[in-house]
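J.: Annotation source TrEMBL lists compositional bias 'Basic and acidic residues' at 1-13. For 1-26, the entry in TrEMBL reads region 'Disordered'. Residues or ranges marked as transmembrane segment by TrEMBL: 94-114, 120-141, 162-178, 207-226, 238-257, 348-367, 388-410, 430-451, 472-490, 510-534, 555-573.
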């Protein structure tokens, strides 16, 4: 199949070069993708919005299911399984951490062996199996927490706990393959070397998150209402049905998709570069970078595009130095000789490490929205009118509203204005967008600290009613601000890790973004444990048995201070960052063109 694809692409290029003009380049997609029959895709009938809308639809269904579980999890753990607040918060953080770190494995398998379409399909089936087990744990009498009335039970059945945790971690496993593969599969529907499709791709991540937020809104309103007023089992049953329908929609779109063939382990070429550079560490650097090895520009690069040489991390350049061994360069072992493109891909991964580390405090702060923020809502007055009481997790929908507002204004107003002002086709560069979102998260933590101090004051003045006289809408500002911030930071992280990784690692790239949230959740659990131990020894712990005996306001101030200090570090790192520098198909350039990077620039 790959041989046939290469031959057809070469034929198309020959036709164009032979006087066919740009018509064939418009007609066919020559970015190494194939259609569902293994042929070179027709641009008019595959990919772009006609394909990505199916993918955004399944994202809506999956996120509805995910947030229907995730936002209610801390309520379920404290009310049904009767865990203490800090234990429940740690349980949620562990589950969130596993759910957002599993994509590292799923993304690797998608890129290396299974392909993104097959990985999405298989992982979605696992996801549905997890939802079926979850539904059974809430509806089958012998598996329920404790008889007919869970509220009167102080000790849940062991069999229920086993089925419940097995179900949610099976969902984690399904998410591990589904999340990175689906988002990168959607972005694959746009050709980076086609001007119009490249512009559409920049909007894709915004509309992807619009679908995500829409699923979140339904999850924390309709599903949570069903869980609160009808029962957990009824809610789980709806989630199972929605996810099953999503799979059907995804399969229906099969003829419209563009597919990337799995290229084997994307980690092997990186290791080969490192080994080759170490072997030739004593060789001098060539004075002219054109002497470094690269395959001919006319060759079909099946696994990605060519990259220009850059002058950073020069030690790795030695992997591309050709030794006079008598054998032609094409016959050299890749463990001894790497191409400039492979060397630059290794540099990309190493350059990402400081950015990934600098975004972890953002992941820690965002993790509070599904734990302590929800418990705050549970302790406030949620009555809208007489007899109509909001479920605690419904307040989370304000974060989705904030994100939708942020995305709409950014995509429709700010980007066109900023394109004209800066000349950058993105408006602002990716790292600037992430930094703006991180500033909003600092504001979120400050706002949350002030509101929690007010809530504790009200609770202390009214021992009988505690903070039930204070409206839940006091929490609206912190949810709206974090949602607006997510519209910048979350989308920016998705774009950054998808765009800046090697082309053969794009599912892993989305997994790297998710790992920021996952590692942040684990760090949040460790931070809670550390702060609990330290404050207990120095007096009263900041984390009591319930919210009113805790001092979450001080914890929020701590997170705000850590995030602000980290922001300074982030700015310093981004000022030195160099973006991926791709050789476009439409331009034939020499090896010195890296001096004028099209995306050069950093967050100032």
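Using N, Cα and C of the backbone, Cβ positions are placed for all residues, glycine too.
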J.: With Cβ distances under 8 Å as the criterion, find the stretch in 238-257, 348-367, 388-410 that has the most pairs with the transmembrane segment (207-226).
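T.: Comparing 238-257, 348-367, 388-410 against the transmembrane segment (207-226), the winner is 388-410.
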J.: Which residues, given as numbers and ranges, are at least 6 beyond the ends of the transmembrane segment (510-534) yet have a Cβ under 8 Å from it?
T.: 86, 89-90, 93-94, 96-101, 103-104, 106-108, 179-181, 183-184, 352, 356, 359-368, 371, 493-494, 496-498, 501, 541-543, 555, 558
J.: How about the transmembrane segment (238-257) and the transmembrane segment (120-141): at least 3 CB pairs under 8 Å, pairs 6 or more apart in sequence, or not?
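T.: Taking Cβ pairs at least 6 residues apart, the transmembrane segment (120-141) and the transmembrane segment (238-257) are in contact, with 3 or more under 8 Å.
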J.: When you scan the chain for residues with a C-beta under 8 Å from the transmembrane segment (430-451), skipping those not six or more beyond its ends, what do you find?
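T.: Residues 355, 359, 362, 365-366, 368, 373, 376, 474-475, 477-478, 481-482, 484-493, 495-496, 499-500, 552-554, 556-557, 559-560, 563-564, 566-567, 570-571, 574, 577, 579, 602-603 contact the transmembrane segment (430-451) from elsewhere in the chain.
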J.: Near the transmembrane segment (120-141), which residues from the same chain, at least 6 beyond its ends, have a CB less than 8 A from one of its CBs?
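T.: Distant contacts of the transmembrane segment (120-141): 58, 62, 65, 69, 106, 114, 160, 163-164, 166-178, 181-182, 185, 231-233, 236-237, 239-240, 243-244, 246-247, 250-251.
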J.: Which one of these stretches, 94-114, 388-410, 472-490, 555-573, has the most C-beta pairs shorter than 8 Å to the transmembrane segment (348-367)?
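T.: The stretch I would name here is 555-573.
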J.: Please determine whether the transmembrane segment (388-410) and the transmembrane segment (94-114) are in contact (criterion: at least three Cβ-Cβ distances under 8 Å, sequence separation 6 or more).
T.: no
J.: Near the transmembrane segment (472-490), which same-chain residues lie under 8 Å Cβ to Cβ, leaving out any that are not at least 6 residues past its ends?
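T.: Those are 209, 359, 362, 366, 369, 373, 376-377, 380-382, 390, 392, 395-396, 398-407, 410, 433-434, 436-441, 443-444, 447-448, 451, 454-455, in sequence order.
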